[in-house]
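Novice: Structure incoming, see below.
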């Protein structure tokens, strides 16, 4: 939010605070203008400007909707999307980490159309349901092998799935006669959704500010970002030991009898793409198990091949009690989320609901037949095309190609990732303790340069996040690396200018 507000001020004071070269760059570049200034975009043929549109846009500042034309995406094709002027962009974030099979997979479209023509909707309440929802549950339970799962529950996406996780844990502990075992421990910089409870679980302050969050039953422990938070001379293994000890100390302080669950992403996504340090999950799981605390694996971003394994739990030997799925579950062609629960959890919930007469939780769109049909087809494709194996094969080209820029760049502090997910963090002097002034908007400038050259990235402050479609070709990876390099060079020059200006 600081960066957005700073960019707004920067936009209003361009001529005063920037060298003429920067002003020329901004005034001559429609992509930069969209991000950095309040000047309207130039007239485009065959398109109607949408500045001041009627939608309350998610994760967008009010001034952006009021003052700027949005980038309107009109078409997708493979690893690319096209805006309403016909300009082509390599979609390096796969939408929002989710269009795993690219933008025009005909089998997914056919699955949706066939189901729409057969049964466009029916619910799953009161022991009524549809074949696609039953079939998808069966496939998912067979597919997830990190721990034996017994039941699946469907939602519309990841946020309401994580809300449901909280209710399940509470229901489970009430059934066991442990009504005080209700607190949740999540991690700083985690992301688990933006609804009331999932935003509380998330460890990102902007999701809490002015929403009266987080909820009081949610606690946050250390972010496992080794580069940023390790002590001098501390190895990754020692760092993991310290974080596991801090987690145990928090549990003891609060009282183990009050902690119901611990939730974690295998690789943290929106918080900056943060893979776990060595031995982290081994040590954290031991602590959680010691105090009879359920482990929830939030696989919304990592599942279905993103890390080069079918699930993130497979890569890091995580054996969860509950799992959250969404995004690539349908390659985002239809909204759907899912929860998988272990036999122990499922047995307790089934027994308790039988005593009460009903399990009083669900949504209109739980197990929506069209969403389930598309998800089933997506899972078939992941298996038939060996998508996790393909990701493992092309990942070195992606990871090594982007990371190669880090050693020679004075503004890259760290480039980190695994499989087809990667984050870059811009800092001064390559130090985690020397961020650039927020008003410089270094990350936003890099994003604008990428967009100018035909690639969309996710900007998170001075962090750049990438997770391209899992079907990205080697040639497209090379294009991604090339555009990244061009944007980086321009950003380095811009930082040099801003530093010179700052010294005056």
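Cβ from N, Cα, C; glycine included.
OK, Swiss-Prot features for this one:
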- 1-18: transit peptide (TRANSIT)
- 158, 159, 298, 363, 364: pyridoxal 5'-phosphate binding site (BINDING)
- 191, 327, 362, 458: substrate binding site (BINDING)
- 327: N6-(pyridoxal phosphate)lysine (MOD_RES)
Novice: Among the binding-site residues listed here, 327, 458, whose Cβ has the fewest other Cβ atoms inside 10 Å?
Specialist: 458
Novice: Return the residues near residue 363 (pyridoxal 5'-phosphate binding site), defined as same-chain residues 6+ apart in sequence whose C-beta is under 8 angstroms from its C-beta, sorted by sequence, else 'none'.
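Specialist: Counting only residues 6 or more apart in sequence, the Cβ neighbours of residue 363 (pyridoxal 5'-phosphate binding site) under 8 Å are 155, 156, 160.
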Novice: If you count other Cβ atoms within 10 Å of each one's Cβ, which of the binding-site residues 158, 362 has the most?
Specialist: 158
Novice: Residue 159 (pyridoxal 5'-phosphate binding site) to residue 458 (substrate binding site): how many Å between their Cα atoms?
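Specialist: Cα-Cα, rounded: 20 Å.
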Novice: From the binding-site residues 191, 327, 362, 458, pick the residue whose C-alpha lies nearest to the C-alpha of residue 158 (pyridoxal 5'-phosphate binding site).
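Specialist: So, spelling it out, the nearest of the binding-site residues is 327.
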Novice: What does DSSP assign residue 159 (pyridoxal 5'-phosphate binding site), in three states?
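Specialist: Note: residue 159 (pyridoxal 5'-phosphate binding site) is helical by DSSP.
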Novice: Which of 159, 364 has the fewest nearby Cβ atoms, counting only those within 10 Å, among these binding-site residues?
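Specialist: Comparing Cβ neighbour counts within 10 Å for the binding-site residues 159, 364 gives 364.
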Novice: Do any residues at least six apart in sequence from residue 191 (substrate binding site), in the same chain, have a Cβ closer than 8 Å to its Cβ, and if so which, in order?
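Specialist: For residue 191 (substrate binding site), the qualifying residues are 202, 203, 204, 207, 265, 268, 269, 270, 271.
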Novice: Max CA to CA distance in Å over the pyridoxal 5'-phosphate-binding set 158, 159, 298, 363, 364?
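Specialist: About 23 Å separates the two most distant Cα atoms.
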Novice: Please report the Cα separation of residue 298 (pyridoxal 5'-phosphate binding site) and residue 327 (substrate binding site) in Å, rounded to an integer.
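Specialist: Rounded to a whole number, the Cα-Cα distance is 12 Å.
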Novice: So if I draw a 10 Å sphere around the Cβ of residue 298 (pyridoxal 5'-phosphate binding site), how many other Cβ atoms end up inside it?
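Specialist: A count of 31.
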Novice: Please give the substrate site's span as the largest CA-CA distance among 191, 327, 362, 458, to the nearest whole angstrom.
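Specialist: Greatest Cα-Cα span of the listed binding residues: 33 Å.
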